[in-house]
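Asker: Let me begin by handing over the structure; questions about it come next.
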Amino acid sequence: MAVALAGARSPGAGAILSLRRLAPAAAAPVRLGGSGTPGTRRRRGIAMAAAASAPPAPADALPKGADSFFRTVISNMEKVYLSRNPTAKTILELVRSYDGDHICYDHFAFRTFGVDGYGIKSLAEFFTDFGYVPREELRFPAKKLRALWFSPPTNDGYTGTGVYGPLPRIFISELLVDELSPQSQDIIQKYIRTSGKGNKHATLASTSGELTWEKPIYSDFQVLSRESEYAAWTLVNGYALNHTTISTHRLISDIRSINKFNKFVEDNGFKLNSEGGILKVSPDGLLQQSSTVADSALFTFADGITESIPRSYIEFAERLVLPQFKDLPNDEVNEHHRRDGFEVGNADKIFESTSNDQLTRRSA
């Protein structure tokens, strides 16, 4: 994943974070808007696994026309992402060359400002309109973030790959703007005010790669960078895809093992996010993730200053078979037999893929 950018440096293991499991929408509605306390939910303790209890049933498969339209939209999001991030584009090409055309996406991830309707809700409503189901909230107190992930509608039977294969999970995070310093809050609010009703067209912004607010000045970017690298990233990238994630276990060659996949990536000259170790593993051992360091690109700010900014990265995830299905023959194992959801501890470290520490290490 997850994931992505980063605010304050990751806290130690003892300081980490909390995750609350949300009840299925029919039983307890999920609040998608802005920052603050989410809707009704059951407390599940720290960093609990997503697969700990029965998930809500997925929505029915989309009608043919809706499915085609939805895939065209996410394909356009992907095109913007690949045009700006040569690392992701090259790795996808290398995997296809080595493994054949078997790439499936585990999830897509986005970053938002959790204020005045520009947070999770601004993107979520598009996905829920097309059958996605809100699942769990994750909290990252040190980074002043919350996130919500969404499971796709039923999409069995798709034999395509990439955006034309099984639909990805969606992971949307938001910065809790009202927890920042007054100076940073003022900067973010200043740009939000120039957006008009841009939050209502977040999906369009993601497919076009355009900001819905005025292009920022460099000094504002610098101020946000000092307090929250996530805030600075979002200011200059807006609703663009933060990362896509290859589902390694859906590949067919030896690199379906994430450890071999990581070696494959490094052997081809790419640096992986080293925060907390190259491989991020959930406490149950069933969700294993890694990611590249974000690409950088020159950006000309509104005041004419041109500087390098972080763009996006690509993640890799292997979801292992749940214990109750461990005796299933390999050819009978489907995605619902594997570990689902996300893990706060993993995602917290994946967020660091756009941090200055990782970017500096990449260029070293």
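Cβ atoms here come from the backbone N, Cα and C positions, even for glycine.
Found this in Swiss-Prot, in case it helps:
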TRANSIT   1-49  transit peptide
BINDING   His107, His243, Glu315  Fe(2+) binding site
BINDING   His107, Arg111, Gln289, Tyr313  2-oxoadipate binding site
Asker: Would you count the other C-beta atoms found within 10 angstroms of the C-beta of Tyr313 (2-oxoadipate binding site) for me?
Answerer: 28
Asker: Tell me, how many other CB atoms lie within 10 A of the CB of His107 (Fe(2+) binding site), whichever protein chain they belong to?
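Answerer: That number is 23.
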Asker: Express the distance between the Cα positions of His107 (Fe(2+) binding site) and Tyr313 (2-oxoadipate binding site) as a whole number of Å.
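Answerer: His107 (Fe(2+) binding site) to Tyr313 (2-oxoadipate binding site), Cα-Cα distance: 13 Å.
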Asker: CB neighbours of Arg111 (2-oxoadipate binding site) within 10 A?
Answerer: 30
Asker: Other than its own, how many Cβ atoms are within 10 Å of the Cβ belonging to Gln289 (2-oxoadipate binding site)?
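Answerer: Taking all protein chains shown, Gln289 (2-oxoadipate binding site) has 27 Cβ neighbours within 10 Å.
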Asker: Please give the greatest C-alpha separation between any two of the 2-oxoadipate-binding residues His107, Arg111, Gln289, Tyr313, in angstrom, as a whole number.
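Answerer: Largest Cα to Cα distance for the 2-oxoadipate-binding set is 19 Å.
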Asker: Going by C-alpha distance, which of the binding-site residues Arg111, Gln289, Tyr313 is nearest to His243 (Fe(2+) binding site)?
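Answerer: Closest by Cα distance to His243 (Fe(2+) binding site) among the binding-site residues Arg111, Gln289, Tyr313: Tyr313.
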Asker: I'd like the number of other C-beta atoms within 10 A of the C-beta of His243 (Fe(2+) binding site), please.
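Answerer: His243 (Fe(2+) binding site): 28 neighbouring Cβ atoms within 10 Å.
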Asker: Measure the Cβ-based neighbour count of Glu315 (Fe(2+) binding site), defined as the other Cβ atoms within 10 Å of its Cβ.
Answerer: 29
